[in-house]
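Peer 1: Before I ask anything, here is the structure I am working with.
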Amino acid sequence: MGRKLDPTIKVKRGPGRKARKQKGAETELTKSVAISLLLSYYLHCQLLPIEKAARKQKKQTSVKPESDDDDDEEEEEEDDDEEKEDLKEDEDEEDTVQANFDETEQFKLPGAADRAKEGLLQMDLQTIHQRIRDNVDVLSHFTEKREEGKERSEYLSLLRSDLCTYYSYNEFLISKLMDLFPLSELIDFLEANEIQRPVTIRTNTLKTRRRDLAQALINRGVNLDPLGKWSKVGLVIYDSSVPIGATPEYLSGQYMLQGASSFLPVMALSPQEGESVLDMSAAPGGKTTYMAQLMRNTGMIVANDANADRLKSVVGNIHRLGVTNAVICNYDGRQFPKVMGGFDRVLLDAPCSGTGVISKDPGVKTSKDEADILRSAHLQKELILSAIDSVNADSPTGGYLVYCTCSIMVEENEWVVDYALKKRNVKLVPTGLDFGNEGFIRSEYVVCFFFHLLKRKFEKKKKKSSLVSEKVMSGTLKYFACHLPWKESD
């Protein structure tokens, strides 16, 4: 049985459904009124002085009692005069605002006290970036925008300091880059070094075709595209649901993880079937295996490297990719002509400072100094002479050397080639790569991201060397290449 309720006991109950609904509506109305009042107040605060005066005048005219027609005409005339005055004041205010804006836009160098304060307090990177842009703009239009009494060197000194702070370079490397690039291209170069490059792979045509490989990887969830019209074997990987370096296709040797720009030295060398080719600095084996597939596993490739530990990767890649025409050796490249010679073509990917691949190795920003650059240049000069001496000048099909680096320093590129041209009977020949942008010439430096092919030709009667150069940009990963053939001295 249920519990009986005692009618004498009065139980206090809450508001009914109708009362709650009405109370909720009142609360919402109160909120909306408060919001509208706040919004109107905010809009009123945002009005210009002339707009506030016009609104006030409108309210006053609406409160005034009606008058006769003459009074109305007089009031209209007064209103017209007031509107003209207000418009004139508005124009004066706009001119003043524009003048103030122009004054604030003018870039001024910070004083010595401000610079000292910046050294103690950490500045906002956004502020530094804006100052870099303003400084570059002034330097690009120095005559019109410079501050009175300030020299160009002062602006350059501030820019150098800001670039070191913002992009985390040491002062030596930034100074070198400022000497090499125009200011607009310098900023583009520094920004490009902050962007991670997409992964690229090279199809191993000894085992598969690019179309079949692309379809197999797409089926595994890889988003890819052909690298470009200039390459028939390259693919660029945008993203992947599987590790690119651990797919069955990779393990079976159907492709090689390799940077796009490293295709170019092999394409410039263009090894032919049945030739003997030397790769003087072969590790990790990307270029060696590319040459093998171009030669279709015919002829002979000698893959040499001075570092025995790095040769392990060469051995692994050669076995994985199915290369059968390669011999691996471990000699100092500077002494290689004493070991063997007479090669139809030689590829020298010389050790360098790596200033062209900062996006891949950001440690270069602070780890390199002038001694490192000169040390690399000295080694490269020794290696290029040894590479020339390893070439067979009488080769009926070859006699070529490709010299390449991943550096943009003049000391490691143009100076080394100039040294080879003076020390050996070689000449520069076109690369055969008809794409890319030519390098630019600035001041006393010739700065290019290009390949030079030099051919040393043996001539019994005439011993002359002609100079023909072609400059090809290889994207954001830079290579410098030269082709040199060999000739015995009398």
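Cβ from N, Cα, C; glycine included.
The structure displayed is predicted, hence computed values, not measured ones.
Taken from TrEMBL, the feature active site, nucleophile covers CYS406. The S-adenosyl-L-methionine binding site annotation in TrEMBL covers SER281, ALA282, ALA283, PRO284, GLY285, GLY286, LYS287, ASP305, ASP332, ASP349. Taken from TrEMBL, the feature compositional bias 'Basic residues' covers 10-22. Taken from TrEMBL, the feature compositional bias 'Acidic residues' applies to 67-96. Here TrEMBL flags 189-457 as domain 'SAM-dependent MTase RsmB/NOP-type'.
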Peer 1: Please report the distance from the Cα of ASP332 (S-adenosyl-L-methionine binding site) to the Cα of CYS406 (active site, nucleophile), rounded to the nearest angstrom.
Peer 2: 20
Peer 1: For the S-adenosyl-L-methionine site made of SER281, ALA282, ALA283, PRO284, GLY285, GLY286, LYS287, ASP305, ASP332, ASP349, how many Å separate the two farthest Cα atoms?
Peer 2: 20
Peer 1: Under 8 Å Cβ-Cβ from SER281 (S-adenosyl-L-methionine binding site), six or more apart in the same chain: what's there?
Peer 2: ASN304, ASP305, ALA306, GLY333, LEU348, ASP349, ALA350, PRO351, LEU383
Peer 1: Within 10 angstroms of the C-beta of GLY285 (S-adenosyl-L-methionine binding site), what count of other C-beta atoms is obtained when all protein chains are considered?
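Peer 2: I get 28 for this one.
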Peer 1: Taking just the CA atoms, what is the gap between LYS287 (S-adenosyl-L-methionine binding site) and CYS406 (active site, nucleophile) in Å?
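Peer 2: With distance taken Cα to Cα, CYS406 (active site, nucleophile) is 14 Å from LYS287 (S-adenosyl-L-methionine binding site).
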Peer 1: What does the structure give for the C-alpha distance between CYS406 (active site, nucleophile) and ALA283 (S-adenosyl-L-methionine binding site)? Integer Å is fine.
Peer 2: 14
